[in-house]
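Colleague: Straight out of TrEMBL:
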DOMAIN    B:17-409  domain 'Cation/H+ exchanger transmembrane'
DOMAIN    B:533-585  domain 'Sodium/hydrogen exchanger regulatory region'
TRANSMEM  B:12-29  transmembrane segment
TRANSMEM  B:35-56  transmembrane segment
TRANSMEM  B:68-85  transmembrane segment
TRANSMEM  B:97-120  transmembrane segment
TRANSMEM  B:132-153  transmembrane segment
TRANSMEM  B:165-185  transmembrane segment
TRANSMEM  B:206-227  transmembrane segment
TRANSMEM  B:247-268  transmembrane segment
TRANSMEM  B:289-307  transmembrane segment
TRANSMEM  B:319-347  transmembrane segment
TRANSMEM  B:359-380  transmembrane segment
TRANSMEM  B:386-409  transmembrane segment
Protein chains: 2
Amino acid sequence: LDYQHVQVPFEITLWIMLASLAKIGFHLYNKLPSVVPESCLLIFVGLIMGGIIYGLNDRSPPVMDSDIFFLYLLPPIVLDAGYFMPSRPFFENIGTILLYAVVGTIWNVFGIGFSLYGICQVKAFRLQDVSLLHNLLFGSLIAAVDPVAVLAVFEEIHVNEKLHILVFGESLLNDAVTVVLYKLFRSFCEMPTIKSVDVFAGVGKFFVVGLGGVLVGLSFGFTAAFTTRFTKDIRVIEPLFVFLYSYLSYLTAEMFHLSGIVAIIACAMGMKRYVEANISLKSHTTVKYFMKMWSSVSDTLIFIFLGVSTIGENHEWNWPYICFTVIFCLVWRALGVLVLTFFVNRFHVNTITSKDQFIIAYGGLRGAICFSLVFLLPDFHRKKLFIAATTVVILFTVFVQGMTIRPLVDLLAVKRKRESAPTVGEQIHIRFLDHLLAGIEDISGHWGQYYWKDKLEYFNSKYLQKILLREYDQPKSSIVLLYEKLERKHAIELAQAGQLGHGPAHPSFLCSAFFCSTSDRTVITDQKLEDTPNPDVLDNMQEILARNLYRIRRTGPAYNRHTLPGDSEPTEQAKEILILRHKNL
Amino acid sequence: LDYQHVQVPFEITLWIMLASLAKIGFHLYNKLPSVVPESCLLIFVGLIMGGIIYGLNDRSPPVMDSDIFFLYLLPPIVLDAGYFMPSRPFFENIGTILLYAVVGTIWNVFGIGFSLYGICQVKAFRLQDVSLLHNLLFGSLIAAVDPVAVLAVFEEIHVNEKLHILVFGESLLNDAVTVVLYKLFRSFCEMPTIKSVDVFAGVGKFFVVGLGGVLVGLSFGFTAAFTTRFTKDIRVIEPLFVFLYSYLSYLTAEMFHLSGIVAIIACAMGMKRYVEANISLKSHTTVKYFMKMWSSVSDTLIFIFLGVSTIGENHEWNWPYICFTVIFCLVWRALGVLVLTFFVNRFHVNTITSKDQFIIAYGGLRGAICFSLVFLLPDFHRKKLFIAATTVVILFTVFVQGMTIRPLVDLLAVKRKRESAPTVGEQIHIRFLDHLLAGIEDISGHWGQYYWKDKLEYFNSKYLQKILLREYDQPKSSIVLLYEKLERKHAIELAQAGQLGHGPAHPSFLCSAFFCSTSDRTVITDQKLEDTPNPDVLDNMQEILARNLYRIRRTGPAYNRHTLPGDSEPTEQAKEILILRHKNL
């Protein structure tokens with residue numbers, strides 16, 4: 001036995017396996033996932049696992065390594081989020097999202113930090129040794145809403161698109177603010193004196209970190225799109241580039257202390273459109289599927305590790321500090337949302353209703369990012385208190401808020417996501433209105449959203465498409481693309497309906513309708529085929545095949561499910577052959 | 001700048017990126033890959049890279065780590081090979097393959113070992129310090145044909161299926177022999193005296209290592225199939241299990257010193273059939289695509305690293321030893337193939353022709369497995385000589401044999417792979433003959449290939465399918481499955497022909513046929529749509545849409561490409577709706 005040799009990959013594989021099996025386990029009982037969010041169940045599994053490890057070894061189970069979290073577990077989730085981000089609602093609400101993400105997060109950081117400092121001044125709580133800077137540092141890591149936790153809960157409750165993008169967009173974009181404030185306060189903690197220059201430098205950093213992330217992301221995204229121009233002869237590695245470039249954008253941003261999350265989102269959103277046009281349909285299925293799979297596994301691992309890491313002796317318990325942390329997190333977020341929404345609503349026609357405001361405030365879940373950040377803190381005597389408070393806040397938000405948000409959404413009758421996709425008619429009208437509004441804005445000299453969108457579209461079709469797309473001489477209109485997609489989907493549906501609708505023995509619906517007499521025999525044949533080569537059955541089978549084979553063997557160019565030997569029109573058939581040949585050429 | 005923090009993933013990503021870009025680069029010039037095999041080009045890139053690193057740093061570039069090779073790079077390639085192994089020719093020729101893999105490899109090991117020991121006795125060569133055991137150890141690592149190198153070359157030359165499976169199957173299954181002999185001789189080298197008991201134990205190990213690998217692989221394969229029974233509600237992680245279980249089988253086999261390659265192949269071949277039936281179509285596309293992608297990247301990295309590792313000061317040059325190694329490798333392989341094929345041909349009706357024999361002998365390429373094994377040798381004073389000899393043999397086989405095998409195949413007019421897939425009629429006849437021969441074998445009391453195949457089929461449908469398949473009450477006959485596949489493919493083809501045949505502006509063939517007058521205008525509309533919202537064009541577009549939209553908006557349940565508003569038969573339409581509803585329920 002040589003366990004040492006294979007230990008690292010073996011244990012990683014086993015952890016992933018455990019996570020996947022846990023996921024399957026939950027879904028075996030259909031009722032469980034509809035009541036409790038998966039994230040809670042996974043943390044629960046983690047707690048049990050941690051308890052077992054603790055019980056067996058009599059020492060704290062390993063905590064989730066912050067490096068592993070930030071370098072390997074977080075990027076797949078963010079990439080998935082960025083790639084499948086609905087770009088229209090995102091850009092329509094970008095102002096509001098940024099307001100929540102930047103001003104809201106700063107508000108929360110300072111609100112929580114200062115009020116916790118106030119609590120620390122109460123002598124009875126014995127917390128006087130926690131300085132203001134340490135409180136602010138703690139505030140900076142606990143204030144930010146976590147994209148992983150938000151996604152896990154909001155994906156299951158299906159609120160309307162705008163509400164979803166407001167909470168989710170905020171949770172993604174606040175990363176830049178968190179990175180800056182966390183690093184700022186951490187360096188302040190280690191400095192002997194703080195000059196006002198440092199504070200101003202900190203403010204300047206916001207823009208560098210955020211915009212730098214966008215720039216890094218976009219440049220990698222466009223490089224990715226450009227690379228996929230040349231993969232025509234080697235389709236099999238196309239999906240790889242999507243993953244490689246977006247991961248590189250994340251790592252590069254992290255290397256320069258920029259916001260990795262912002263970079264990977266910019267990269268994914270920037271490349272999506274061009275990559276999709278360049279790569280083959282199967283590559284695209286693989287990209288989408290694998291992204292979902294990877295993020296799902298990462299997500300599962302994160303929550304299980306969160307549970308495992310909770311168990312152990314890393315905690316220092318102090319009732320008042322921990323309770324007030326939870327309360328302040330809730331209160332300051334609620335206040336922040338109320339105040340900011342008040343200003344947002346003054347400038348918008350589509351206002352955010354008070355119900356929506358409540359869900360935005362209530363949906364501010366904390367997760368693994370805070371947890372990893374608190375472990376990354378430099379060692380000081382109250383670190384264990386911070387760890388305990390962070391753990392409680394995460395568990396409180398994920399369990400209490402996560403489990404009650406669905407009933408609350410039902411109770412308040414919050415507007416849900418529309419179930420059906422927009423019809424072609426609607427899409428055309430939206431597009432028409434876009435052009436119209438762009439025209440109006442242009443005439444009235446108002447440089448609004450539609451004006452910029454139109455300019456961007458123009459720049460895109462004039463320059464970007466020519467550089468990044470392989471077949472730039474064929475810029476397909478989105479209507480044609482939609483039509484193609486519908487037709488493809490429909491063709492597959494029809495093929496499946498023919499088979500799946502009628503059990504395994506009827507090769508197709510039409511076949512069963514026209515060869516009704518033989519198909520019953522086919523049932524017998526197919527079922528017995530597996531057992532023994534009974535000459536009777538074989539005879540029977542040959543007879544049926546002799547009658548059916550003609551049609552089947554004409555599958556090559558001229559076969560068509562809808563033109564049976566009798567009723568096929570020769571002209572249409574000839575056209576069909578022509579078109580297939582044309583395609584092959 | 002914080003490079004330390006992201007170094008490991010960043011460098012890994014960059015290497016993969018380099019490999020993928022190199023691959024794209026080769027395919028930009030269409031003529032290059034048709035003359036030189038990709039493996040040669042990649043080694044060449046590696047040599048250049050190694051030269052650059054050597055020139056810049058003035059010390060040897062890092063050699064490929066054997067652990068990384070065996071734990072991370074080799075498994076994806078073997079998994080891909082096992083999963084896409086054509087099982088029929090493999091099992092039809094399993095006897096011949098095993099003979100080549102076991103007896104042939106042992107023959108080569110001892111032949112090369114003893115004759116090199118003979119060379120070492122020549123005083124002029126100054127090699128007397130290389131003992132017989134060391135020569136045999138060297139023989140054991142240089143004798144085995146490498147699956148990665150064989151696959152890279154044989155995938156491009158398209159020889160007939162039987163020839164391909166003989167060379168490729170041998171290269172996979174000889175792993176068990178290589179593992180046993182290599183470890184045996186290595187332990188002998190460290191032992192003071194060798195008892196005859198040890199030699200017999202070594203012979204016994206063959207069976208343990210080989211059969212143990214098969215057993216480990218099959219048990220993981222069946223567990224994988226069983227697991228996918230329960231993934232119906234959570235399709236997105238289905239592909240994961242295929243990868244996880246096969247990787248675990250490899251690691252487990254390696255852990256117990258069994259043959260990991262044999263295990264992963266048994267796992268992949270064992271699970272394939274059941275997993276394919278259980279998982280969704282999209283999951284299956286992802287599995288296939290990702291497997292190909294992963295193995296392609298591994299393969300590329302291996303050859304690049306081979307090139308990089310060649311440069312440097314790890315070599316001790318000794319002309320006679322190195323030249324005779326190359327000669328003996330060629331001679332003993334040729335002799336082995338001749339002798340073994342003589343016996344094989346006496347017992348078979350389909351004999352292996354002398355042309356085929358030549359290609360089998362000539363296709364015995366060496367690759368990265370030898371290279372990794374030679375670096376794993378314990379340090380002794382002639383290790384660098386062995387490294388040099390191994391490198392030369394690999395480069396000679398990959399470059400000289402790899403580049404000349406294609407012209408030779410052309411020159412000898414070796415039977416090629418048939419281009420077209422077998423027709424349905426052929427498939428049915430093959431199946432019919434299988435049943436017939438099984439019956440004849442049963443009656444005549446001869447327990448041959450068909451008898452066992454039939455018994456296995458029986459066992460499979462009686463027990464295995466019931467345990468491993470989700471819908472075991474619907475054992476689809478392979479003919480029905482083929483029919484379904486053809487129909488699906490055809491449906492997609494039709495959908496594409498409608499769009500692709502006529503450029504981007506014609507949404508579908510029928511549409512262009514029936515709305516000929518409007519479609520020309522559509523071309524104009526679509527092309528100008530990107531530019532400006534010209535009211536003229538918009539008007540035009542609305543008119544066209546008003547006429548077309550009715551058909552498009554009925555896409556929901558009743559839309560059918562072949563039933564236009566005018567000629568649709570109401571009964572057929574009703575049936576179609578029924579069947580789609582039935583499916584949705």
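Placed from the backbone N, Cα and C atoms, the Cβ positions cover glycine too.
Each of the listed features needs to be described in terms of its position in the shown structure.
Modeller: Through the fold, the transmembrane segment (B:12-29) approaches residues 38, 41-42, 45, 49, 296-297, 300-301, 304 of its own chain, all at least 6 residues removed from its boundaries and within a Cβ separation under 8 Å.
For the transmembrane segment (B:97-120), same-chain residues at least 6 beyond its ends with a Cβ under 8 Å from one of its own Cβ atoms are 90, 127-128, 130, 132, 135-140, 142-144, 165-166, 169-170, 172-174, 176-178, 181, 206, 320-321, 324-325, 328-329, 332-333, 335-337, 339-340, 343-344, 360.
Sequence-remote contacts of a segment are chain residues at least 6 beyond its ends whose Cβ falls under 8 Å from one of its Cβ atoms, and for the transmembrane segment (B:206-227) they are 102, 173, 176-177, 179-180, 241-242, 244-246, 248-249, 252-253, 256-271, 273-275, 278, 464, 467-469.
Long-range Cβ contacts of the transmembrane segment (B:247-268) within its own chain (Cβ-Cβ under 8 Å, at least 6 residues beyond either end) map to 70-71, 74-75, 78-79, 81-83, 85, 147, 172-173, 175-176, 179, 183, 208-210, 212-221, 224.
Remote same-chain residues near the transmembrane segment (B:319-347) are listed as 95-96, 99-100, 103-104, 107-108, 111-112, 115-116, 119-120, 122, 125, 127, 130, 138, 142-143, 357, 360-361, 364, 366, 385, 388-389, 392-393, 396-397 (criterion: CB distance under 8 Å, separation of at least six residues from the stretch ends).
Among residues of the same chain six or more beyond the transmembrane segment (B:386-409), those with a C-beta under 8 A of the stretch's C-beta atoms are 35-37, 39-40, 43, 138, 141-142, 149, 152-153, 156-157, 159, 306, 310, 314-318, 321-322, 325-326, 329, 358-359, 362-368, 370-371, 374-375, 377.
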Colleague: For the domain 'Sodium/hydrogen exchanger regulatory region' (B:533-585), what is the mean per-residue pLDDT, to the nearest integer?
Modeller: 45
